[in-house]
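Just dropping this structure here.
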Amino acid sequence: MNRKLILSYLLITFGISYFLWGVVLVLTGLCGMKLESPFCITLYLLGSFGPAFGSYIAQKKVNRIAGFKEFIKKSFRFKSSVFSYLLVVLFLLLYFIFPFFAGQITLGIPVYIALLLVPLMLFGGGMEEVGWRWVLQPELEKKLPFALSAVITSIIWALWHGPLFFIQGSSQSQVEFIPFYLLLVGMSVAQAALFEFSKNVWLSILLHCSFNAFQMAFVFEEKLSTSIIVSLIMIAGTMLIRLFIKKSAYATKTNAEEQHS
């Protein structure tokens, strides 16, 4: 585990995001400006890119990437297996399946609009994943078990969102922290498994963008009970999927060895 890389990433990420969001908090809370104003929304969006800035700068410092071109190329490596893309869909289903069958879903924007919004969610959270899943989670896994690494990542991820709960007009200001965090735990485990299998951060970006877009189409209240169940379903479902993948990989390897013996 590269402690220097992790520390550098976290300091840059939190420093950039907290500073920019702190300015927005002062402007909206004390100066009467609206979050929707051009200046505030620009700072707000730039703050959401803190993990991306942190990932690039920290990896560049330890020579894991040569420059910005390589960073972008590795962030948007669209070529991946069909199964990897199916995992993205499957994790989305795990997220919405309980609220759907419990009758808690309220239809928001049309589904086709949500699909069109997926690329725009690069500016609404998707680019966080080049930090959380490309840098933090894999580094933690070098020293700690998969599940513990995912939980630690989710705690840091939640703390990073902290200032948003105090900014009037942000989506986080309309929900409670604990239910929000519980959902992050489920998402963190799913994202960790997706990256573990694919080694492709683009799929993590896509899953995050899809989560954010489809939450506007299939709306459910983030109550404590709902968040607990959704998170447990995501964790249990992800661990079963992960077990299936590992067993399939082991069976394939064993068969190949037997054929060559």
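Placed from the backbone N, Cα and C atoms, the Cβ positions cover glycine too.
Summarising the annotation, TrEMBL assigns transmembrane segment to 7-29, 41-59, 80-98, 104-123, 144-166, 178-195, 202-220, 226-245. Feature annotation from TrEMBL assigns domain 'CAAX prenyl protease 2/Lysostaphin resistance protein A-like' to 113-214.
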Would you kindly list the residues that approach the transmembrane segment (178-195) from elsewhere in its chain, counting only those six or more residues past its ends and only Cβ-Cβ distances under 8 Å?
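Beyond its ends, the transmembrane segment (178-195) has Cβ neighbours at 84, 87-88, 91, 94-95, 129, 132-134, 137-138, 141, 146-147, 149-151, 153-155, 157-158, 161, 172, 201, 203-204, 207-208, 211, 222-224, 226-228, 230-235, 238-239, 241-242.
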Can you find at least 3 Cβ pairs under 8 Å between the transmembrane segment (41-59) and the transmembrane segment (80-98), where each pair is 6 or more residues apart in sequence?
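Between the transmembrane segment (80-98) and the transmembrane segment (41-59), which are separate recorded stretches, there is no contact, as judged by 3 or more close Cβ pairs.
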Using Cβ atoms and a strict cutoff of less than 8 Å, what residues sit near the transmembrane segment (80-98) while being 6 or more residues removed from its termini?
104-105, 186-187, 190, 193-194, 197-198, 200, 202-203, 206-207, 210-211, 214, 218, 220, 226, 229-230, 233-234, 237-238, 241
Tell me, roughly as an integer, the mean pLDDT over the domain 'CAAX prenyl protease 2/Lysostaphin resistance protein A-like' (113-214).
96
Go through the chain and flag residues at least 6 beyond the ends of the transmembrane segment (144-166) whose CB is under 8 A from any CB in it; none is fine as an answer.
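The answer is 1, 10, 13-14, 17-18, 21-22, 25, 29, 50-51, 128, 132, 136-137, 172-173, 177, 180-181, 184-185, 187-189, 191-193, 196, 239, 242.
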Let me spell it out: take the transmembrane segment (202-220), skip the flanking residues so only those 6+ beyond its ends count, and list any with a Cβ under 8 Å from a Cβ in it.
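Tertiary neighbours of the transmembrane segment (202-220) are 75-78, 80, 84-85, 87-88, 91-92, 95-96, 99-100, 104-111, 113-115, 117-122, 124-130, 132-134, 187, 190-191, 194-195, 226.
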